[in-house]
């Protein structure tokens, strides 16, 4: 009897999901992406060699693991083929092991132009998008005018649909943003050619997943971004355009929620955020700089410096509820080595000192003041530790306190970037 496991972020993304997916696929037959696009950046370090993936599931570096991109993912064919080429240059047989849903919405050049024009027009109120067309592509999907991967193989119909979509968006670019329109013929020719380049990988991903389930194979679902960036449950409007939560697994692949056996929530030992938006525990002092420098907190997709802050247990508790999380994986514990004192946010207050529940709209969240509980740090190194018994006593106490506050067990502890630098207390597939 196989097990079906979801791996997702519980914070604002960048929690270290890529490493954990790569690590746990030693017991998986399939890995599926279910939302997002090439705005995600998953960094893998194997035997000291770093690989950054944006679209292709992190299981691609495991031999004999089938990788799937589900219908919930918005697809830039150009970005996908660039990523495939980079992996093939390393000797990874991507085309044999990657399959794409024919229902994936396409990201077109006009979506990228719109995304960038909008961010420029917002001035100092930027949302902080990656400018890669993700949001506009999802908008077209919801507006029912979006083009999907399977459409590319019906040339005349595709050309007609593309013309309508581009007329609409080019009008907005010219008339509202005073920006250059995107060329229709070039977009058509390029997209048709790119579609042919991936044709052998296009399939019914939902059918593939259910076939594997019926055969009793282990399946992993890989989330992108994090719960606090969810379009419905995140710090709106400073969020992404998809459902990053466990519910997105079902809608983004066609794999029903009752088939899921375990949800693993990835959380850093502290908190980070890229781009704009509220961040109650953000640090602007030496501790913040220490976390940023020691944690190498720069985005793998954009290269932008990440904002750093103390661990937010209030936000994590909400993520646990939203995702029905079975167990936690705490990453980057080693980054806290050397701090004399470590804070955990255990509550929120308003300006008058009144206790608050989670405030998920950005305006309310901006007014939140964190309530901290302080714990002693540790001077010993946790880097590369592979047994919980070998952790410093204060590091163990920190982990136990997080478990007590959130009510969720920490099943996995990451103590370094390499896949072997990990403590597994309970394997999700066991």
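Backbone N, Cα and C atoms are what each Cβ position is placed from, and that goes for glycine too.
Database features (Swiss-Prot):
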- 14: active site, proton acceptor (ACT_SITE)
- 42: active site, proton donor (ACT_SITE)
- 13-19, 41-43, 306, 332-334, 414-416: GTP binding site (BINDING)
- 14, 41: Mg(2+) binding site (BINDING)
- 14, 15, 16, 17, 39, 40, 41, 42, 130, 144, 225, 240, 304: IMP binding site (BINDING)
- 300, 301, 302, 303, 304, 305, 306: substrate binding site (BINDING)
Exercise. Taking the Cβ of residue 225 (IMP binding site) as reference, which residues of that chain separated by at least 6 in sequence fall under 8 Å from it?
Worked result: 9, 12, 13, 35, 36, 39, 40, 240, 242, 244
Problem set entry | Whole-number Å value for how far residue 41 (Mg(2+) binding site) lies from residue 415 (GTP binding site) (Cα to Cα) | 20
Seminar exercise, completed: Here the binding-site residues are 16, 303; the one whose Cβ sees the most other Cβ atoms within 10 Å is 16
Exercise. For the binding-site residues 19, 304, 306, which one has the sparsest Cβ surroundings, going by other Cβ atoms within 10 Å?
Worked result: 304
Exercise. Ranked by the number of other Cβ atoms within 10 Å of their own Cβ, which of the binding-site residues 43, 130 ranks first?
Worked result: 130
Exercise. Which has the fewest other CB atoms in a 10 Å radius around its CB: 13, 41, the listed binding-site residues?
Worked result: 41
For this session: Return the member of 14, 130, 333 nearest to residue 306 (substrate binding site) in space, with distance defined Cα to Cα and candidates limited to these recorded positions.
Result: 14
For this session: Starting from the Cα of the residue listed as 'active site, proton acceptor', work out which of the binding-site residues (41, 43, 304, 305, 333) are within 10 Å.
Result: 41, 43
For this session: May I ask which residues of the same chain, at least 6 positions away in sequence, place their Cβ under 8 angstroms from the Cβ of residue 333 (GTP binding site)?
Result: 269, 382, 391, 395, 399, 413, 414, 415
Exercise. How many Å lie between the Cα of residue 19 (GTP binding site) and the Cα of residue 130 (IMP binding site)?
Worked result: 22
Exercise. What is the separation, in Å, between the Cα atoms of residue 303 (substrate binding site) and residue 41 (Mg(2+) binding site)?
Worked result: 10
For this session: Measuring CA to CA, name the entry from the binding-site residues 41, 43, 305 that ends up nearest residue 130 (IMP binding site).
Result: 41
Seminar exercise, completed: Whole-Å Cα distance, residue 43 (GTP binding site) to residue 304 (IMP binding site), is 15
Exercise. Around residue 415 (GTP binding site), how many other CB atoms lie within 10 A of its CB?
Worked result: 26
